[in-house]
Protein chains: 2
Amino acid sequence: MSLKNDRFLKALLRQDVDVTPVWMMRQAGRYLPEYRNTRKQAGDFMKLCQTPELACEVTLQPLQRYAFDAAILFSDILTIPDAMGQGLYFAEGEGPKFRKVIRSAADVERLPDINIASELSYVTDAVSLIRKELNGSIPLIGFSGSPWTLATYMIEGGGSKDFRIAKQFMYDNPEAMHLLLEKLASAVIDYLNAQIKAGAQAVQIFDTWGGILTAQGYQEFSLAYMKKIIASLHTENEGRQVPVIVFTKNGGQWLESIADAGCHAVGLDWTTDIGVARHRIGERVALQGNMDPTMLYASPKAIRKEVESILKSFGKGNGHVFNLGHGITPEVSPENVAVFVEAVHEFSSQYHD
Amino acid sequence: MSLKNDRFLKALLRQDVDVTPVWMMRQAGRYLPEYRNTRKQAGDFMKLCQTPELACEVTLQPLQRYAFDAAILFSDILTIPDAMGQGLYFAEGEGPKFRKVIRSAADVERLPDINIASELSYVTDAVSLIRKELNGSIPLIGFSGSPWTLATYMIEGGGSKDFRIAKQFMYDNPEAMHLLLEKLASAVIDYLNAQIKAGAQAVQIFDTWGGILTAQGYQEFSLAYMKKIIASLHTENEGRQVPVIVFTKNGGQWLESIADAGCHAVGLDWTTDIGVARHRIGERVALQGNMDPTMLYASPKAIRKEVESILKSFGKGNGHVFNLGHGITPEVSPENVAVFVEAVHEFSSQYHD
């Protein structure tokens, strides 16, 4: 099926586009009143993820308001450990939690070998449904958490301030940690390939917590497994390339090695100057990012100025997908998002021939 | 007065030493039972900071246990805004809070012009007393928060997850923010000079929150003011150089510009490979750091291995002060700290002629 707007896919492959494409991490989310309504009706966050019709509904909501150049599947990064039987739940106002935690090599060994793709058919069903509803307007992004990021939650039993338990496990039981990451990498491969088969036209690996590691730890415990995943993805489907984006929050010091991991694009958080990043790795991969998400609390004037400044820093030519440097936060006003999206399209045309 | 052990000062000036000197951020702190006792007797955290005898007592406590090569004044980074009348207090288990907050240009203008050195005589009295008690054994480090870091707390009214209010203020009222930072920089200059005059033999600027800024924002709102401070410090006292250390947590992408700020040493958090940092800036300044603080929860074997690996990464030659990449956390076992300190001295002799 042909795409009416394929800017996003083209930019990821560093091909010519008319304006810089833009989407936002967490664009289907709590800052939108219509999302909060659907979420309320669903009753429970997991119900929202597990009901393809509802996941599809919230995925499409931001597209009614804004001229985003891509949709992203609405789901949670922790579906894989949940499918492995760890018992994911969301305590009100507390973020994700697991009923079971991994604290020993035996716990890792006990993790069941399951058919991730069939266990997570609610995700692939959502992908198919969203593709149908998008009807060729813009491409759909699938995603997964990175093995390291999934492991931190599974070991800690939820989020953490310093990930002390996960790191202690890594430092004291590196073999068990590697076994866990190995199992998770296999699951992520099956999961992303199933999303691609169901219709995801690009995939992003969210390495939310890779940036809490040492430089050496990052290579060994996070990047190595993402590399392995990328090498096993079916990155051609429907006669088109399926680009892979790697986003390591706080990974700005390691861009060269991320760019060498086999991905098509590297996501940047807002602490990296995108012009510097382009100079470092932009001839090898596309770059995605990177406005400070808290910028969306500022005035429209300040937002427009910042968009201009990021576009200017990247400069002329292709290979840039505009995004925030991390997910949009719940208290942002939807009006400011409109200012942001419009500014990207308005100011970027001068940077493309 | 001559110093029995001047390794720390020598390493900061990139002079020859026998073994790599070591100290720990927050070495006087809650992981020590004797600290918790004194804190309990003081009743209140501010009382501990404001009573020179008690501040001196806790400063010296870790030196009874460990062969640290420097002592650091026990105090809080938020004494300056407190002296400006913002009403610092510590809610149990919640971190620092301010009774007043800065939310407008008028709030900034209303901040009183005070004589910081005399308002904070409890700090300089503590410095003098600690110097007397140290009796020339090891040098004493004075410190201050960076203007940006102080400003974030003053605007937010305490710590924050995303510093949204502080950033919104910066994005929407850059002039008012610059006025606030200007006022704070003046205060920090007076404060650090008073500490030096009272006997601090090195000073560290803690830029705890500089790393949440964009690359451009960091230059303009944090580093520029630290530069200004460094240029105004009296870095000679008692016939000796008083080295200045700048520590921006999460500043690994900006090391070159930090090294150019006029400081003698750059503090590194654990996400930077110290060998890479040395290659980037180590011919210009000394480096301080940078073991992951959560490493102290691991086994003695793992701790020793990590110390070896950091020393090896830095390599032969001078200009390294060993430290953690951030402050030690309260639940660490004091035994593991002994393992850490001993490992630094034991393994580092081979890297010095």
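For all residues, glycine too, the Cβ spot is worked out from N, Cα and C.
Because TrEMBL annotations are produced automatically, they should be read as predictions rather than curated entries.
Per TrEMBL, the feature domain 'Uroporphyrinogen decarboxylase (URO-D)' maps to B:21-30, B:141-157. Look at TrEMBL and you will find B:R26, B:Q27, B:A28, B:G29, B:R30, B:D76, B:Y153, B:T208, B:H326 tagged as substrate binding site. According to TrEMBL, the feature site 'Transition state stabilizer' maps to B:D76.
Location within the structure of each feature annotated in TrEMBL.
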residue : record                             : contacts (Cβ under 8 Å, 6+ apart)
B:R26   : substrate binding site             : B:G327, B:I328
B:A28   : substrate binding site             : B:Y35, B:V58, B:T59, B:L60, B:Q61, B:P62, B:I72, B:F74
B:R30   : substrate binding site             : B:R36, B:R39, B:P330
B:D76   : site 'Transition state stabilizer' : B:F45, B:M46, B:C49, B:L88, B:P96
B:Y153  : substrate binding site             : B:L78, B:P81, B:P96, B:F98, B:G159
B:H326  : substrate binding site             : B:M25, B:K249, B:D269, B:W270, B:P293
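Per-class residue totals from DSSP over the domain 'Uroporphyrinogen decarboxylase (URO-D)' (B:141-157), listed helix then strand then coil: 10 helix, 5 strand, 2 coil.
Summarising the substrate site geometry, the residues cited as binding it (B:R26, B:Q27, B:A28, B:G29, B:R30, B:D76, B:Y153, B:T208, B:H326) extend over a maximum Cα to Cα distance of 23 Å. DSSP states for the domain 'Uroporphyrinogen decarboxylase (URO-D)' (B:21-30), grouped as helix (H, G, I), strand (E, B) and coil, give 0 helix, 1 strand, 9 coil. If one looks beyond the domain 'Uroporphyrinogen decarboxylase (URO-D)' (B:141-157) by at least 6 residues along the same chain, the residues whose Cβ comes under 8 Å of a Cβ in the stretch are 23, 70-73, 75, 77-78, 80-81, 86, 96-98, 101-103, 127, 163, 165-166, 169, 177, 180-181, 184-185, 188, 191-192, 195-196, 198, 200-210, 213, 221-222, 225-226, 229, 245, 248. Under the three-state DSSP scheme, B:D76 (site 'Transition state stabilizer') falls in the coil class.
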